[in-house]
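Record features, source TrEMBL:
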- Cys212, Cys294, Cys295: Zn(2+) binding site (BINDING)
- 8-309: domain 'Hcy-binding' (DOMAIN)
Amino acid sequence: MAPVGSKRGVLERLGSGEVVIGDGGFVFALEKRGYVKAGPWTPEAAAEHPEAVRQLHREFLRAGSNVMQTFTFYASDDKLENRGNKLTFTGQQINEAACDLAREVANEGDALVAGGVSQTPSYLSCKSQDEVKKIFKKQIDVFIKKNVDFLIAEYFEHVEEAEWAVQVLKATGKPVAATLCIGPEGDMHGVTPGECAVRLVKAGADIVGVNCHFDPMTCVKTVAMMKAGVEKAGLKAHYMTQPLAYHTPDCSCQGFIDLPEFPFALEPRILTRWDMQHYAREAYKAGIRYIGGCCGFEPYHIRAVAEELATERGTLPEASEKHGMWGSGLEMHTKPWVRARARRDYWEHLKPASGRPLCPSMSTPDGWGVTRGHAELMQQKEATTAEQLRPLFQKSDAKH
């Protein structure tokens, strides 16, 4: 077990050209396992069911992750108390438990701990910059107390709020990464990916990129636009991408939360491990060196990323002991037609069927077109009422 502070930091690794592999989608993975509630998406499992969070960290570490990101997504007090969400744990308890779990597992391998903050209901409700920054500061105090290795501001739809987060994180003196949940169209107010990246770098971010909301290739394209914007401005940064594990060719600027299938019927869109190898290669070719995943990513997806970049990284992940490269383990199968699939060209060119004869290949996104400042996005502590839901149901039914 390596003592805290003895490992090479994230900027040292990236600066030397090393590939840093992130982890996957804790919120979605733990929701499927019965530890997270869809809707609020809050991470009380870190304090409530630490064994579940610890095990998922370990699986990502075994799959090749170099970063154990604290399970603190949406762990700000204003989100924990939003719309009638009642918890028996405080934000501080959840954040502290998440830090301890991430550190415990990171010390079992060559992994770093990243403390993460995300967008707030307060920003959507048009609270002031000072009010929003106080929310970030409260979380940051825990990360400093627990001495995380670096900080991530992730899942921001508006670059303005991300800038505020970066400014708070940068004041700690620790390395800062910032990822927006945007696609090629830019943030929810139409700020282009290139301009978003420039603003984040100027705010103090050392690493910039995107996470969530879109599929891997859309995210690689978006980060390439960010990289071009930063370079045109004469600035320098490292780049990262942590996309969805779902195909989203039909998404608009709001990403997958606009899809009718969100969040309970997305499984037909899941990427295969071979899709993930393609993602890893394309991200690497685009100059992205921090490559991870978000919602939908399971440990086997991260293993695929690590296997694709094994030559560049100089090692295979521990989990590859139970996985033959490009299906080679199938050579031991009892059935000859399955043994015939033990080759790269079979899996690389396969077009998987959905098995759903009447399903469309694409969906029509909801596209309600509301963002910060719109009355429907004003948040509240009280539970959503039937009166508030009725017009939403009617509006949704009219679109579908």
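Cβ atoms are placed via backbone N, Cα and C, with glycine included.
Cys295 (Zn(2+) binding site) is surrounded by 27 other CB atoms, counting those within 10 A of its CB over all protein chains shown. Close to the recorded Zn(2+) site, the chain also has Gly25, Val27, Phe28, Tyr155, Cys181, Asn211, His213, Gln242, Pro243, Leu244, Gly293, Gly296, Phe297: residues not among Cys212, Cys294, Cys295 whose Cβ is within 8 Å of the site's Cβ mean position. Cβ contacts within 10 Å of Cys212 (Zn(2+) binding site), excluding its own Cβ and spanning all protein chains shown: 28.
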